[in-house]
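**Student:** This is the structure I have questions about; it appears just below.
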Amino acid sequence: MTQKNSKLCSRANVYTQVPDGGWGWVVAASFFFIEVFTYGVIKSFGVFFNDLMDSFDESNSKISWIISICVFIMTFTAPLSTILTNRFGHRLVVMGGGLLISVGMIAASFSQRVYQMYISIGIVSGLGYCFSFLPTVTILSQYFDKRRSMVTAVASTGECFAMFAFAPAITALKEHIGWRYSLLFVGLLQLNVMVCGALLRPIIIKGPGSPKAIPLEPRREVQYMLENEKTRTSIDSIDSGVELTTSPKNVPSEAKREQEVRVEQQQTLVVGPKHSQKRAPLLDFSILKDRSFICYTLFGLFATLGFFAPSLYIIPLGISLGIHPDRAAFLLSTMAIAEVFGRIGMGLVLNREPIRKIYIELICVILLTVSLFAFTFATEFWGLMLCSVFFGSMVGTIGGTHIPLLAEDDVVGIEKMSSAAGVYVFIQSISGLAGPPLAGLLVDQSKIYSRAFYSCAAGMALAAVCLALVRPCKKGLCQNPHSGENQTDGHRGKALQDIPEDFLEMDLGKCEPRAHMKMDPV
């Protein structure tokens, strides 16, 4: 009985439509705790800065490279994470990532030189962070549709609660056991990411009209079936138990469906290599032809400058202004609590229909830019407290939604989200590598910690400009009318009723003559 239940929990969930719940709630809980042990730890790493500077006798900018390399590897290897996820599934990739995170953090506790931390935390843990975070947020978006914004926003508050808990807890722990054993303890805690990864059951969405059908094979496969009507092939999926029979009576329906709807290849059912000779592309680079996506990736590139540095430098800034270290650590906790309210509030707003989510995001980016500039004018504890609350709430509105917004039709849509997320996070790697060292360089030259926030504010201002161009590009301001492809409208068409039809992902069933013209033999 136990073995049977274990097998059921490991198999894929098959739905006729996006469930907006079900096992998705377990996936959401897993995402919450993965956020705790990934971004939560990264954003709380500032509590170790002064200890590392004293132990290694290094400058602030050199210590900043630890997180810079970590963030760079985490974002630079995003396409690799996408490829491995499409090949081996979300569960194995996330569990492997959890192991890498823990190994890197534990190894860092034994480091004798700062460059050893560049390798352990920067490269090893950074790779693990990528393998753990990106597949989780992708599969969570597949389990939800109408509730996607709200669920993702609430689940992403894990990093906020981690910042609130870790900053004072690690500060107190260091006083009793030292920073090395504190790092070791954090590394052991991060093994829980493997448990969360084990709960990520794959999901398959199949049409309600064809209960035994899986997403279509490419057109060449349909042509092959038409030429070999006596061929009967069964494809069994170990995970889902779904069987596809290509008998002659099924071939016409498959051909008709090929004319009516074009399904993205990455959504096809994944089968074992010995069962299928044709695979969907592991990474779809066609999204790079979409100008709205290019603008959105530039937004992510510049916005990353303002995401990490404030949480790294708020404690040193407070100490430099004469604030006691315990009270300075409380600033980071306050920022985390404000971020919780920002994420939940943003989820409630974006969950309303109809609403243009990209515009709400733009308003929040502008306000976040203002909050970063405000840090440079703070001179005492309560001024920093006010800035921390403002910044935390604004970064919360963006931090929990900027990746899920890729699933919106204003950017790329849910079908291409897996590849888009990989490329998007990859582009962020440049500023993830340069951001903290640039801020640290400004601090080393001026000896004023508030200068670190100038580079963050400048990057966020550029991000606002790029985000403002996303919607005009999707409407056709910068669009080449011959660059797009017709795709299914499905449930997404209602969200873009005011966009010209040339730039809609249209239902080919309504344009049947055109579909027949495109069905050339391969």
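Yeah, the Cβs are placed from backbone N, Cα and C, and that goes for glycine too.
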**Student:** Is it true that Swiss-Prot lists M117 and K357 on the same side of the membrane?
**Tutor:** no
**Student:** Flag the pair the transmembrane segment (452-472) / the transmembrane segment (358-378) as in contact if three or more Cβ pairs fall under 8 Å (sequence separation 6 or more).
**Tutor:** yes
**Student:** Six or more residues out from either end of the transmembrane segment (119-139), which same-chain residues have a Cβ under 8 Å from its Cβ atoms?
**Tutor:** 27, 30-31, 34-35, 37-39, 42, 65-75, 77-78, 80-82, 84-85, 90, 93-94, 96-105, 107-108, 111, 152, 193, 196-197, 200, 202-203, 403-404, 417-418, 421-422, 425
**Student:** So if I exclude everything within five residues of the ends of the topological domain 'Extracellular' (444-451), which remaining residues of that chain have a CB under 8 angstroms from its CBs? That is, six or more out.
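**Tutor:** Same-chain residues near the topological domain 'Extracellular' (444-451) but 6 or more away: 59-61, 313, 316-317, 320, 375-376, 378.
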**Student:** Counting only pairs at least 6 apart in sequence, do the transmembrane segment (358-378) and the transmembrane segment (63-83) share 3+ Cβ pairs under 8 Å?
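**Tutor:** Counting Cβ pairs under 8 Å, fewer than 3, so no.
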**Student:** Of the residues in the topological domain 'Extracellular' (171-184), how many are helix, strand and coil by DSSP?
**Tutor:** 14 helix, 0 strand, 0 coil
**Student:** Could you tell me how many residues in the topological domain 'Cytoplasmic' (84-91) are helical, how many are strand and how many are coil under DSSP?
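**Tutor:** Counts, helix then strand then coil: 7 helix, 0 strand, 1 coil.
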